[in-house]
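Okay, structure first, notes after.
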Amino acid sequence: MSDLWRRIVALSDPQLTADFQRICGIKLLHHTEQNGIGTSKNNVRKSSNVNGFAEECHDSHNAKTNGDAHPVRNGAVPCQNSSAGVYDSSLKKRHGKNGYTIHDVAQNEDRKAPHQQNGTACQCQHDSSSPLTNGYIHNGETPKAGSDDTTKSSIHTPTYVIANKLLYYIFSFGASLGNEIFYIVFFSFGLWTFNNNVSRRVSLIWCVIMYLGQAAKDLICWPRPTSPPVVRLEGRYELEYGMPSTHAMVGVVMPFGMLYYTYGVYEYNFFLGLILASIWCVLVSFSRLYLGMHSVLDILVGIVGAFVIMICCIPFVERVDCLLVAHPWCFPTLNIVVIGLCMAYPELKIWSTARGDTTQVLAVFSGIYQGLWYMGQTASPQIAEAAVRSAYTGWAGVAAAVGRQLLGIVVLVFLLEGLKKAVIYVMSTLLGMDPKDPKSKQHLGVELTYKYIGYYTTAFCAGYVMPAIFLYLGWHRRDYLTEIYNHSHHFGL
């Protein structure tokens, strides 16, 4: 058993993640490597700029290579070096080539380095002990500090190149299948265009799995793979613990939940559906290795844990779903339970996005169900029957579906962003904090309030307000109301 345990623990070795990144074309640059550079006998260092120019820097000390002294970024050349000392640099232009996109993502807390943009010469003074922060591959872009849910990390990530951009975009897409924008599109599409019976039940299992997975992270406190040797390409979740991977858990519950609840309702080849669900799961899971955010063990525990929780939940889902959609006491009871779960979340040893993300999940879940519950309370069976008869069909129905999705997403996004900003401002002011200070959002009272109110209201709007607008415009889906009334007879409604 001890040998088996050692083998299991060995799967958490960050070198496995680093090896996967190297196989996929993420290459570390060491100070001895060159990227289109020649060093002359006069200690003249040349570095090729991606804009088609090169610069020469005459060192007063030993010459260094471009990979360490002059990391080259698309659209700008940082003229700041990690070695001490001042260098008098004279620059001149010539055409050159750079076959890679180079990133230097080390932290620069104190100052910004001068840049050379589009071949314009600049005077370089290599007088900083920390290289410039980078990490984007878009031309001329620099990292944005102080975003909503991120803070600066003191972890030094080495300079690297992405040799295979196709894999970068594929795995970035895979990672996005577990992010906020995906949830907005997925659940709104399920409610407005597909089948809200399926969407509700998948959201129920998703909520349970995400809550348990996020709580497990802050109970186990297993760190993410160390960097180096791993290159972390995603900063938002860097402060969270890594065990288990909740992205991998989402990569199980979404496709396999859809497969389970649609098979038998719609006619399709089960094995084809199983293959597609497996591809979805693998893509999301491998994206976490590619982006350097999880170890192999984190991924495996997330996948196995998600399947175990799904198997335990499925026998109860239909009954719980029926209660939440149609029971008269659903509205107050669900709010009390969800807020209680938010407050019962494990105490964080250090601040991370885990608690806020868990609150967000609970808010979306409760908002969807309570929007549907309220729709069932205010509409009538006669209205539901009339909606079935008046709904568009054929190409007109397709156009109505596209209109629903476009209008609905725009409304939800603007509503969510507006609510978040308003609640943050109000709560920060009430608690005597600066609303513009990013740290104010980390306060328990501010974080839980703006996450819950913002996402609950948006999800409620998705379940009730937008479908009511679609019904008024004549863009409604024909079975939206009848899918809610299927459960009403259980409680004499």
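A Cβ is built for glycine as well, from the same backbone N, Cα and C atoms used for every other residue.
Here the structure is a predicted model, which means the values were calculated and not measured.
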246-267, 268-289 - the one TrEMBL records as transmembrane segment: 268-289
Region 'Disordered' range according to TrEMBL, out of 57-77, 225-245, 435-455: 57-77
Residue numbers, six or more beyond the limits of the transmembrane segment (166-191), whose CB comes under 8 Å of its CB atoms: 24-25, 137, 198-199, 202-203, 234, 246-247, 250-251, 254, 280, 283-284, 286-288, 290-291, 360, 364, 368, 372, 405, 408-409, 412-413, 416, 458-459, 462-463, 466-467, 480
